[in-house]
Amino acid sequence: MQNFIKFETQSTAEKLIQSALQFKEKPFLQKELGKELRIGLIFLNPSLRTRVSTQIAAKNLGMEAIVFNIDKEGWALEFEEGVIMNENKAEHIKEAASVLGSYFDILAIRAFPTLTDKKQDMADKVIHQFIKYSQKPVVSLESSSRHPLQSLADMMSIKETWKNVSKPKIVLSWAPHVKALPHAVPNSFAEWTLGLGHDLTITQPQGYELEEQFTKGAEIEYDQEKAVADADFVYVKNWSSYHDYGKLPKVEGDWLLKDHQLKKGAKIMHCLPVRRNLELADELLDGNKSLVPLQAENRIYAAQAVLFEIISNMES
Ligand SMILES: NCCC[C@H](NC(=O)CCC(=O)O)C(=O)O
Ligand SMILES: NC(=O)OP(=O)(O)O
């Protein structure tokens, strides 16, 4: 594995989950591996979990991690090729990525979508420019289209929790929000669950269908109550419209999930940050159905498994 920007194969994903679970048992198992290596965590958007968990993961492997909030502390970046830079952008991605590539052994990038330019967002233009111009392995810390480190931690959390031999019923449920949010988390969640051979049902209001490349093979159920009634895991997340890109079509009914709609033993998941009592009710977040703290904790070991795999490939 050179770059980690999406789900690749079932066997790679399973290997990463196993490795993450092993690092959770023994975080310092490979504490010397990265001792002469440096990772740059480059943020174009805010973060709590991704930023801190990836720093801890790097430290557990003996690496130095430097965080750079490039959107606030760097020069304004130009991503277009061949333009005359006579407006407010002071530095081109060609120089920025190439210089950062010369400073670091691995680069990790967070670049949210515009939610206005669908083509650019779906092509993950920013992350691909970092790959092209840095010439270093790149890890996605959430791109326009996907959030693979989150999904790896989510798959690990499901694996740790589900002890039955039968397959769990997994539901991805749209939830209300006040803003237009990206599709990266639900896209990746669908990509990873289906890629690992799980059964997935997606419930969302009309107009909020996700891109089919991610959801092919999932059952779509517009009636949320029906979809969640017998679910073992309900992954709750808001996203804006994909087809009417970045818009917020009017929603009928109350999509805020209630504890009584779920069966006993069902688990609730969310990537965080969550808006309490808008996206998810206190009774669910604070109750025993919540896997949310486990998911957040597992972000460390998901990142550690990914960095371990990239470093192991660099050396061979
Ligand atoms: N990294 C996890 C989620 C990040 C982002 N959420 C947000 O922007 C929430 C913002 C707010 O609630 O104002 C998303 O949905 O992709
Ligand atoms: N879940 C997640 O990626 O959280 P942050 O946006 O805080 O990093």
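From the backbone N, Cα and C atoms, a Cβ is placed for every residue, glycine too.
The domain 'Aspartate/ornithine carbamoyltransferase carbamoyl-P binding' annotation in TrEMBL covers 9-160.
Annotation for Leu149 (carbamoyl phosphate binding site): same-chain Cβ neighbours under 8 Å, separated by at least 6 residues, are Phe4, Thr50, Thr54, Val139, Ser140, Leu141, Glu142, Arg299, Ala302, Ala303, Val306. Annotated carbamoyl phosphate binding site per TrEMBL: Ser47, Leu48, Arg49, Thr50, Trp75, Arg110, His147, Pro148, Leu149, Gln150, Cys271, Leu272, Arg299, in sequence order.
What TrEMBL lists as N(2)-succinyl-L-ornithine binding site is Glu142, His177, Lys237, Arg275. Counting every protein chain shown, the number of other Cβ atoms lying within 10 Å of the Cβ of Arg275 (N(2)-succinyl-L-ornithine binding site) is 13.
Marked as domain 'Aspartate/ornithine carbamoyltransferase Asp/Orn-binding' by TrEMBL: 185-308. In terms of DSSP secondary structure, the domain 'Aspartate/ornithine carbamoyltransferase Asp/Orn-binding' (185-308) contains 44 helix, 18 strand, 62 coil.
The two recorded residues Ser47 (carbamoyl phosphate binding site) and Lys237 (N(2)-succinyl-L-ornithine binding site) have their Cα atoms spaced 17 Å from each other. In three-state terms derived from DSSP, Leu149 (carbamoyl phosphate binding site) belongs to a helical segment. Across the structure, His177 (N(2)-succinyl-L-ornithine binding site) and Trp75 (carbamoyl phosphate binding site) are spaced 32 Å apart at their Cα atoms. For the recorded site, Arg49 (carbamoyl phosphate binding site), the DSSP three-state label reads helix.
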